[in-house]
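Trainee: Please see the structure below; I have some questions.
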């Protein structure tokens with residue numbers, strides 16, 4: 001009796017220990033962690049329970065503690081509330097979206113739906129014709145396309161040293177120079193012909209020489225008054241028209257230049273997919289087995305075919321397994337990622353050193369996948385449309401796509417880098433140097449004449465002139481004492 005009681009106690013203890021270890025194993029299983037606890041009220045009401053497959057991708061589905069959260073989880077909760085069903089979420093086993101394998105079987109979430117391992121797939125799953133042949137899709141809940149994700153320091157072009165000339169094209173600057181010279185010549189000609197500017201040509205000096213006309217036109221360009229001032233009506237008409245022209249021109253220049261500086265957007269050398277193919281500095285690729293890869297494979301566009309051939313030849317090196325790996329590789333190396341534009345917008349918002357190229361191709365949408373004979377396809381489509389009409393989808397988009405990087409860019413513009421105005425400062429320096437050289441040349445010419453008149457050395461007279469004009473008292477006093485002793 002004692003032996004049988006002892007055996008029974010051992011068996012019960014062993015069973016309890018096995019049960020506890022099983023529960024602990026379930027708690028450590030990510031798929032079970034992801035599954036919400038069944039609602040007892042739903043079970044009491046007899047609500048159906050759907051098995052939902054998804055994939056971990058920020059911000060659609062993310063693990064937070066013992067639960068999943070993200071855009072797709074909020075969408076799934078809203079759909080469950082509208083259609084009154086319970087759900088159990090499991091993360092796809094192979095971590096794939098869904099593509100045809102070598103044996104003809106489907107991988108990823110599409111494969112799990114075909115094998116009846118899941119009832120629906122709620123994830124950033126692109127609606128394609130190949131997938132539509134084996135499963136059914138609801139109305140897309142997000143619209144997207146194919147874009148190029150780049151790192152700013154590898155994609156940005158060096159700022160031109162004469163960046164301050166960027167608001168106008170070369171043709172505009174050429175036309176401006178021609179208009180300036182033509183206007184100054186007209187001022188000179190009209191001032192010569194008008195009797196109000198020159199009553200006695202033989203006895204008076206006309207102030208509107210061609211050089212003075214050039215100076216007058218330049219003063220108007222800088223919104224500064226310059227002499228000589230016109231007196232004749234004909235000259236004033238030309239001056240007023242030139243003033244109005246320069247006022248509009250400066251307004252356009254300031255507006256365009258301000259936009260260039262405040263936008264902070266560098267001119268990307270890679271604007272399109274054609275630019276990506278032509279360059280040799282960046283490697284590029286996409287997610288292995290994704291719809292983006294097959295888009296380029298099936299496209300008849302020559303540029304798209306070149307992109308596919310490049311990725312196919314280097315698939316072991318340029319194709320990535322996950323979206324997180326793609327973003328990290330773009331940040332760490334000279335790599336451009338081709339993928340969903342909406343996901344790239346999020347990456348550019350979260351990582352301020354990333355940027356998406358302007359061109360987006362292959363407009364597509366993310367839909368909820370179900371089995372082809374599923375009774376949930378149409379109700380889910382109607383529910384998605386209702387969420388879109390009520391603005392709930394826009395609310396979810398703003399909620400999960402908001403980032404601190406975007407807030408910083410809205411709060412303040414970045415500091416202006418010196419290379420943007422380097423050419424302007426260089427021009428100013430050259431102008432100042434020319435002005436100083438011209439002044440020295442004028443002073444040298446005057447000193448030579450004075451030296452010839454006083455029969456002195458040109459260098460001594462030039463030095464005395466500089467000392468006098470710069471008010472170097474010690475040198476001037478020493479010069480005066482020397483001249484006084486010589487007179488004595």
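Glycine residues also receive a Cβ, built from the backbone N, Cα and C atoms like all the rest.
TrEMBL lists these features:
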SIGNAL    1-24  signal peptide
REGION    27-46  region 'Disordered'
DOMAIN    49-403  domain 'Ionotropic glutamate receptor C-terminal'
DOMAIN    59-115  domain 'Ionotropic glutamate receptor L-glutamate and glycine-binding'
BINDING   124, 126, 131, 291, 292, 340  L-glutamate binding site
TRANSMEM  173-193  transmembrane segment
TRANSMEM  233-255  transmembrane segment
TRANSMEM  420-441  transmembrane segment
Trainee: Counting only residues 6+ away from its ends, which parts of the chain sit with a Cβ under 8 Å from the transmembrane segment (233-255)?
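Mentor: Counting only partners 6 or more residues beyond its ends, the transmembrane segment (233-255) has Cβ contacts under 8 Å with 167-168, 176, 179, 183, 186-187, 190-191, 193-194, 196-197, 208, 216-217, 220-221, 223.
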Trainee: If you take the centroid of the Cβ atoms of 124, 126, 131, 291, 292, 340, the listed L-glutamate site, which other residues of that chain have their Cβ within 8 Å of it?
Mentor: 97, 125, 127, 128, 144, 290, 364, 366
Trainee: Using DSSP, what's the helix, strand and coil tally for the domain 'Ionotropic glutamate receptor L-glutamate and glycine-binding' (59-115)?
Mentor: 20 helix, 15 strand, 22 coil
Trainee: CB neighbours of residue 126 (L-glutamate binding site) within 10 A?
Mentor: 24
Trainee: Between the two most separated Cα atoms in 124, 126, 131, 291, 292, 340, the residues recorded as binding L-glutamate, what distance in Å do you get?
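Mentor: Across 124, 126, 131, 291, 292, 340, the widest Cα separation comes out at 17 Å.
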Trainee: List the same-chain residues at least 6 positions away in sequence whose Cβ sits under 8 Å from the Cβ of residue 124 (L-glutamate binding site), in sequence order, or say none.
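Mentor: Looking at Cβ-Cβ distances below 8 Å from residue 124 (L-glutamate binding site), excluding near sequence neighbours, one finds 55, 57, 60, 72, 142, 340, 343, 366.
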Trainee: With every protein chain in view, what's the tally of Cβ atoms within 10 Å of the Cβ of residue 291 (L-glutamate binding site), excluding that atom itself?
Mentor: 23
Trainee: Minimum Cβ neighbour count within 10 Å among the binding-site residues 131, 292, 340: which residue?
Mentor: 292
Trainee: Within the domain 'Ionotropic glutamate receptor C-terminal' (49-403), what mean pLDDT does the predicted structure show?
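Mentor: The predicted confidence over the domain 'Ionotropic glutamate receptor C-terminal' (49-403), as a mean pLDDT, is 85.
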